[in-house]
Amino acid sequence: MDPQGGHYLNKSAVLSCLGAARMCQLLLGCTTMALVAHSAGFSATYGTFCMFVWCFCFAVTLLVFTLDVTRLHGCMPISWDNFTVAFAMLATLMYVTASVVYPVYFLRSDCPSQGCEVRNYRIAVTVCSSVCCFAYGAEVFITRAKPGHVVGYMATVSGLLKVVQAFIACIIFGALHNDSQYNRHIPTQYCVVVYSLCFAVTVVVVALTVSGRTSSLRFPFDRFVVIYTFLAVLLYLSAAVIWPVFSFDKKYGAPGRPDDCPKGKCPWDSKLVIAVFTCANLVLYFTDLVYSQRIRFVLSSAA
């Protein structure tokens, strides 16, 4: 046994590009929370969401960094590599969202009633949060699948896209909840079913991969994922056609934004957000399908 404990500590978790990226994440995350708690402040639903993002990502990153340094992640009943890259992708998306939402709702060119010092702190929060996006993005770039390397499914383009698809679905659900009037028509209710079904299956795929339970399934997991992705493309394609028709056609809705529609509580705005992100997820699922087919073709050719 090494008296200095070197055998138990993972030096590469600190003295590596990945370790440097995680330490930057912790430093910037801690700085962001300290600035907000000290003077920048937050309020309402949007501010609470941003603070949750910063606290959640910092807590999980600290846990990941600690377990990696102490090598205790081997005791976790999960696929560690799949978990870390999936979380890094999720944290990148969450930080990007918070870095946009916070300045939109809390940063103004003129000084607020609390004084110019508060504005300066909010600028610092925005800068730190934005830079931290690149720190998490760097971890995704470092741990992503590379030619000639054996990696977990979540490190592949298909696996990373699964995280993005689920995240965009959450944005759609938020817009649906914000007075989107989806229950007025049966076709728009069908679209909600599409969003919910695809989100649920995507989460199950990610959960099974991260938990390392895919090998114990009684069916070929890779084939299931490809078939599901194909069906998701068809479902999202139908939603991408149906939702705009029953939201913006003159017969069912309003082609343009009503003048008397209050900002932040306008159903038309929610419908537009849903339409845009429905098309975005359609593109992501199609890209996922193309990439999955390419991988299957390469494997079958190699065989």
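Each residue, glycine too, has its Cβ placed from N, Cα and C.
Since the structure is predicted, the reported quantities are computational estimates derived from the model, not experimental observations.
Look at TrEMBL and you will find 13-148, 153-297 tagged as domain 'MARVEL'. Positions annotated as transmembrane segment by TrEMBL: 12-37, 43-65, 85-107, 119-138, 150-176, 192-212, 224-246, 272-291.
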CB contact flag for the transmembrane segment (85-107) and the transmembrane segment (150-176), at least three pairs under 8 A: yes
Averaged pLDDT score, the domain 'MARVEL' (153-297): 84
The domain 'MARVEL' (153-297): DSSP-derived helix, strand, coil residue counts: 115 helix, 0 strand, 30 coil
Residue counts (helix, strand, coil, in that order) that DSSP gives for the domain 'MARVEL' (13-148): 111 helix, 0 strand, 25 coil
